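Per Swiss-Prot, these features apply:
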{"type": "DOMAIN", "residues": "19-97", "note": "domain 'Cytochrome b5 heme-binding'"}
{"type": "MOD_RES", "residues": "MET1", "note": "N-acetylmethionine"}
{"type": "MOTIF", "residues": "182-186", "note": "motif 'Histidine box-1'"}
{"type": "MOTIF", "residues": "219-223", "note": "motif 'Histidine box-2'"}
{"type": "MOTIF", "residues": "385-389", "note": "motif 'Histidine box-3'"}
{"type": "TOPO_DOM", "residues": "1-132", "note": "topological domain 'Cytoplasmic'"}
{"type": "TOPO_DOM", "residues": "154-161", "note": "topological domain 'Lumenal'"}
{"type": "TOPO_DOM", "residues": "181-268", "note": "topological domain 'Cytoplasmic'"}
{"type": "TOPO_DOM", "residues": "290-308", "note": "topological domain 'Lumenal'"}
{"type": "TOPO_DOM", "residues": "330-447", "note": "topological domain 'Cytoplasmic'"}
{"type": "TRANSMEM", "residues": "133-153", "note": "transmembrane segment"}
{"type": "TRANSMEM", "residues": "162-180", "note": "transmembrane segment"}
{"type": "TRANSMEM", "residues": "269-289", "note": "transmembrane segment"}
{"type": "TRANSMEM", "residues": "309-329", "note": "transmembrane segment"}
Amino acid sequence: MAPDPVQTPDPASAQLRQMRYFTWEEVAQRSGREKERWLVIDRKVYNISDFSRRHPGGSRVISHYAGQDATDPFVAFHINKGLVRKYMNSLLIGELAPEQPSFEPTKNKALTDEFRELRATVERMGLMKANHLFFLFYLLHILLLDVAAWLTLWIFGTSLVPFTLCAVLLSTVQAQAGWLQHDFGHLSVFSTSTWNHLVHHFVIGHLKGAPASWWNHMHFQHHAKPNCFRKDPDINMHPLFFALGKVLSVELGKEKKKHMPYNHQHKYFFLIGPPALLPLYFQWYIFYFVVQRKKWVDLAWMLSFYVRVFFTYMPLLGLKGLLCLFFIVRFLESNWFVWVTQMNHIPMHIDHDRNVDWVSTQLQATCNVHQSAFNNWFSGHLNFQIEHHLFPTMPRHNYHKVAPLVQSLCAKYGIKYESKPLLTAFADIVYSLKESGQLWLDAYLHQ
């Protein structure tokens, strides 16, 4: 039986905890399938069965590491680890037995140890510290574009040309605000979580009309287990709409499952992917999310966006014109968002969680796009997706500085570090969908 979790950190209980030793077999059995959830951080074993529901980063992201070593994701996601460890004391139930390795045999020890040395080097170099002027100017350029969009209609009227220009400017505002909220959501701007969360609410809530809690819930899972089926929500379109990855597509075919004609998915992707995700799904689901979970602060920030848009554009366009502008902007933004966010992951390895080490988890699911001033701006520096996934709290203006160090690490251990031109990255989304669709069809018909 599992030992009862210790609730109050006093000296006597601390001594008892030091005497409790566990094996990896015992830890692996507490993966959540039987309700109990344990995880390991720096050889210490924590019972997160009840705490997972109260976890500030979301219940699912921490549960995805139940039964596993979570040392590297713990370090990667938290900016004030000392404070977090104090709250973790009440969850501590023991540690790994002395004869047990520090992590599971599925993980590369030499690679993990060297990556941790790289992490320490990166911190000593100051690459985890943000240049606040960079983010201030980035915010100002978004606000200026927002004002320019309104001035275009106010000065030049609402005929086709100024209306179209306004829509393009507003789409740019929404896309760039999406990249900026991503920075604050990852706690990569300020040294305290409080300030990051506050500005995150402003950017994603007031500038975009979306809830911060929804983004945290979805995006942190993606970073914890990228391209892992049933753990990464970014691939939840498998198998309902798409057959993704070689492994999962063949599995689906062998099981004789056909929710869609997957062998044509590289064609209908252009209809239900880039143009539809935001206006036909996210736009409505986010309201369901905040109401269902009673996220009233998020709802207030979201409503402030709609109130602002209504009172600034309604006098110029009327209700029909405003609705037309709004959905054109969401349509354009959706295309921008989907192509950029999918180019780094969909063409890469997609599978079930194999519980490999942190570096392998991120590199097998992630690729980069070549650096240029335009690519950096257009993608919000997500063209450095590998560096971002390895160091999610690193300010984006430092990605190019750490990239050579990451490349050296990958070369030493024979890990493919893939970077490609922007248009090639876009095309690879379609090619990978075509390939996995064909693999599904072959397995469906012949296996």
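Placed from the backbone N, Cα and C atoms, the Cβ positions cover glycine too.
Here the motif 'Histidine box-3' (385-389) has a mean pLDDT of 99 out of 100.
Sequence-remote contacts of a segment are chain residues at least 6 beyond its ends whose Cβ falls under 8 Å from one of its Cβ atoms, and for the topological domain 'Lumenal' (154-161) they are 316-317, 321. Within its own chain, the topological domain 'Lumenal' (290-308) is flanked in space by residues 201-202, 204-214, which lie at least six positions past its ends and keep a Cβ under 8 Å from the stretch.
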